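Annotation comment: TrEMBL describes Gly10, Ala11, Gly12, Lys13, Gly14, Thr15, Arg126, Val135, Tyr136, Ala199 as ATP binding site. The annotation AMP binding site is assigned in TrEMBL to Thr31, Arg36, Asp57, Leu58, Val59, Gly84, Phe85, Pro86, Arg87, Gln91, Arg160, Arg171. Per TrEMBL, the feature Zn(2+) binding site maps to Cys129, Cys132, Cys149, Cys152. For 126-162, the entry in TrEMBL reads domain 'Adenylate kinase active site lid'. TrEMBL lists 30-59 with the feature region 'NMP'.
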Amino acid sequence: MNIILLGPPGAGKGTQARHLVDTRDMIQLSTGDMLREAKDSGTEMGNKVAEVMARGDLVTDDIVIGLIREKLEGDSKGGFIFDGFPRTLAQADALADLMESTGQTLDAVIEMQVDDAALVERITGRYTCGECGEVYHNVTKRPKVEGVCDNCGASNMKQRADDNEESLRQRLMEYYKKTSPLIGYYYAKGQLHTVDGLADIDDVRASIASVLD
Ligand code: AP5
């Protein structure tokens, strides 16, 4: 089964995708994670995208489509979770073409609805384990031992460079201008499902499970 998790920054896409990887043997394709890896590698492309991401703007379609194309050629295990992709109509069209050319289908698009005030709280309070990528929040999801990852035991918590109010405002602007038209696009294709992303993490998990099952 191949699905898209669609929603603004902080909607909980990454949190839910990691759970689906653990429980359903699916593969998370997060273009944000791929771009951060490219950024850390210090390549020419990485340096180019670093500034764009720090400002909260979208990286060009050709770069992200190229990243996804490479991944779709690999093993799909329990299916792909597209997390943060597509983000423009051009990316959505490219994904449809790529799926068709690799003989795969898109089974569901799950829109996670969260209001803007909650997004600001979630993003400014988020930190992640620098070793395994487990996501935490300074109010709603703290590790059992302060500073130590519950998942891998490392003591290397990090905050993303774009997780500040100024970048978040721009990321939200980009979402409403360029990504939100995808809601109508997938509704018209009969693929859209909506879940309440404001609910507790476990309740959001259950809503997504009921769509998938
Ligand atoms: P990306 O990394 O994709 O970031 P994003 O879409 O802004 O989403 P986030 O990762 O910030 O949030 P999330 O929805 O995954 O929330 P999370 O689960 O962490 O993109 C970053 C940048 O890369 C973009 O700005 C752009 O520049 C570039 N980029 C990426 N893809 C691109 C593309 N396709 N095209 C062009 N450019 C691209 O949760 C957030 C916090 O909330 C956590 O602390 C978590 O613990 C907490 N939380 C989660 N769920 C709940 C809940 N139900 N209740 C309470 N707290 C919760």
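Cβ atoms here come from the backbone N, Cα and C positions, even for glycine.
Feature annotations (TrEMBL) mapped to structure.
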residue: Gly10; record: ATP binding site; DSSP class: coil
residue: Thr31; record: AMP binding site; DSSP class: helix
residue: Val59; record: AMP binding site; DSSP class: coil
residue: Phe85; record: AMP binding site; DSSP class: coil
residue: Arg126; record: ATP binding site; DSSP class: strand
residue: Cys132; record: Zn(2+) binding site; DSSP class: coil
residue: Cys149; record: Zn(2+) binding site; DSSP class: coil
Task = Taking a cut-off of under 6 Å between Cβ and any atom of ligand 1, tell me which of the binding-site residues Cys129, Cys132, Cys149, Cys152, Arg160 pass.
result = none
Task = Go through the chain and flag residues at least 6 beyond the ends of the domain 'Adenylate kinase active site lid' (126-162) whose CB is under 8 A from any CB in it; none is fine as an answer.
result = 10, 14-15, 18, 33, 36, 53-54, 56, 168, 171, 201
Query = Once the chains shown are all counted, how many other Cβ atoms turn up within 10 Å of the Cβ of Tyr136 (ATP binding site)?
reply = 18
Query = If you average the pLDDT over the domain 'Adenylate kinase active site lid' (126-162), what number do you get?
reply = 94
Query = In angstrom units, rounded to an integer, how far apart are the Cα atoms of Arg126 (ATP binding site) and Cys132 (Zn(2+) binding site)?
reply = 15
Remark   = Whole-Å Cα distance, Cys152 (Zn(2+) binding site) to Gly10 (ATP binding site), is 23
Request  = Using all protein chains in view, find how many other C-beta atoms are within 10 Å of the C-beta of Cys149 (Zn(2+) binding site).
outcome  = 21
Message = I'd like the number of other C-beta atoms within 10 A of the C-beta of Gly10 (ATP binding site), please.
response = 26
Inquiry  = For Arg160 (AMP binding site), which of the three DSSP-derived states applies: helix, strand, or coil?
reply    = coil
Candidate with sparsest Cβ neighbourhood (10 Å radius) among Val59, Phe85, Cys152, the listed binding-site residues = Cys152
Ask   = Where Asp57 (AMP binding site) and Cys129 (Zn(2+) binding site) are concerned, what is their Cα separation in Å, rounded?
value = 24
